[in-house]
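Trainee: Please read through the structure below; I'll follow up with questions.
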């Protein structure tokens, strides 16, 4: 009887051990299945199949409401976030973005990324080197602009001086023309007056000469040889006085003619001298 009881106990213990082994084999599979469900829930909670670039670089799970997800995509966000994390640190950037309004965070991330890239390329000046280069370029452009403006002002002043000289020269020419016109008219009137006086005196002298020629005719000469009555002698004296006056007029006419010729033709007299 005792042997039967011992065999029954050993069989029960074997059954219990097998049952324990089975349960131990089933628990890992159940834990794996529950972990897969939780991972699926996590992925569905973020709404994206892959984590953002920041979480991918940090090798952490991208939870819902990740502050880096809207600004660092999954494609190139990891490289951008690497520079930001190396220069500023992920925790500092996260704190900075939390203190900035949502509508201004994108601009902040762009500037932070640019500053990080500039700091990595130029550890001494960083983005200040770009600012200095732009300032130097602005200064050089302002200097060129000032030179061009001064040249433009000088050209305008020169053009104004040329125009003023031209107008002054034209005014002088007009004044000379106006001043020469009255002189020419006065000279012409004076010359015509002198010429007319000379012609009148010349005609008078010619008439007197004709009269004297008639007196010297042969017929008149015979009568002149005869004694003349006293009244005719008086007439002869009067004629002699008239002839002397006509001779004086002729000399005056000749002198006036010479003066008129000098006035009308001054160049000839000048050449003769």
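In case you wondered, yes, glycine gets a Cβ from its N, Cα and C as well.
Found this in Swiss-Prot, in case it helps:
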- 1-39: region 'Disordered' (REGION)
- 1-15: compositional bias 'Basic and acidic residues' (COMPBIAS)
- 23-39: compositional bias 'Low complexity' (COMPBIAS)
- 50-152: domain 'LOB' (DOMAIN)
- 221-248: region 'Disordered' (REGION)
Trainee: Summarise the domain 'LOB' (50-152) by DSSP state, stating how many residues are helix, strand and coil.
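Mentor: Helix, strand and coil residues of the domain 'LOB' (50-152) number 71 helix, 0 strand, 32 coil.
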Trainee: Summarise the model confidence on the domain 'LOB' (50-152) as a single mean pLDDT, whole number.
Mentor: 91
